[in-house]
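Straight from Swiss-Prot, the features:
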DOMAIN    7-188  domain 'UmuC'
BINDING   D11, D106  Mg(2+) binding site
SITE      F16  site 'Substrate discrimination'
ACT_SITE  E107  active site
Amino acid sequence: MTKLRKIIHIDMDYFFAQVEEKANPSLKDKPFAVGGTNPKRGVISTCNYIAREYGVRSAMPTAIAMQKCPNLILLNTDFAKYKAASAVIRDIFYYFTDKVEPLSLDEAYLDVTDVKEYKNSATLIAQAIKQEIFNKTGLTGSAGVAPNKLLAKIASDINKPNGLYVVTPKQVDSFVKDLPVKKLFGVGKVSQEKLKSMGVETCLDLQQLSLATLVDKFGKFGSSLYNYARGIDNREVNPVRIRKSVSVENTYLEDLKTLGACLEKLPSLYDKLTSRMTEEHYKSIIGIVVKFTDTKFNKTSLTRVAKILDKEMLKNLIIELHQKRNHPIRLIGIGVKLGEIDDKQMDLF
């Protein structure tokens, strides 16, 4: 019989903005956002919940955010501050278990299956972690507790902010049936639209499709979809998690018709990329890459061997790549390649 696992996913609430709020309490009752300080070309990194009440969201162009909330306060990103807070939080995770898989500065998976303290209750452990984070940093985070990573991550988003949601093994079937398929790991806009064209919008809909059909339509990922629709996820929490790459991309509502327009997007993409990187990622960089998709959906990318994340090199790659394209740009992606791998295999996207 397979041993039931106890997985916790911790996701800090509006992390960058919350850190800024803690540093400057006068912001607490005001709508504010981090990043996107250029009102014409900027993009919001994150915002507090007061700003969200006005409709402001992460990745929203600053111009639109200011239309929705004219009195929105814009702050520059301060990654040194965010990384310092993240280091304290991560130390707390390791106090409770060695099985920690960081995903970014503000979220991680923890496997507490073998933790004997707190009556071996994942719920009590999650409560203790949240309390310890608050005691040491003054920050709140939300936790999801479930038998696997898939469900724990989904659960952590349910009662935000400062939430805790538990999915017990007996609740898995009822929990997943009404879940939108877009909540499933690996389902992006393309997969979501493809599933929708097949009449699939919820996990219950997805359960009606055979394994053979899903593999035929989605290849290897079809097998994962088949399991995810049933709340099954066998991925382990990997405490020595080795990522082959970290990348970000953005699709723009208005086509980028000039090199200058493309270069103006680099700062926000760079901030977004660095926010997803841990200290371990920085130590194992072997290359950087830039990708374009034009208005005719042609994809082009360039890579360079590099040991550091160099914004100037990214800028030069954008310039070089732009010279190869004859059409306006719809999407820009940037990223780093990690680990020891042949340069010819540097395809992040």
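Yeah, the Cβs are placed from backbone N, Cα and C, and that goes for glycine too.
What Swiss-Prot annotates, mapped onto the structure for a quick look.
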| residue | record | DSSP class |
| --- | --- | --- |
| D11 | Mg(2+) binding site | strand |
| F16 | site 'Substrate discrimination' | helix |
| D106 | Mg(2+) binding site | coil |
Subject >> Residue pair D106 (Mg(2+) binding site), F16 (site 'Substrate discrimination') - Cα distance, angstrom, rounded >> reply: 9
**OP:** Quick one: pull the CA-CA distance for F16 (site 'Substrate discrimination') versus E107 (active site), whole Å only.
**Re:** 12
Original post:
Between E107 (active site) and D11 (Mg(2+) binding site), what is the CA-CA distance rounded to a whole number of Å?
Top reply: 4
Subject >> Other C-beta atoms that fall within 10 angstroms of the C-beta of F16 (site 'Substrate discrimination') >> reply: 27
Original post:
Mean pLDDT for the domain 'UmuC' (7-188), as a whole number?
Top reply: 94
Subject >> Under 8 Å by Cβ from D11 (Mg(2+) binding site), same chain, sequence gap 6 or more >> reply: D106, E107, G141, S142, A143, G144, K153, S156, D157, K160
**OP:** Indicate the candidate from D106, E107 with the smallest number of other Cβ atoms within 10 Å of its Cβ, considering only these recorded positions.
**Re:** E107
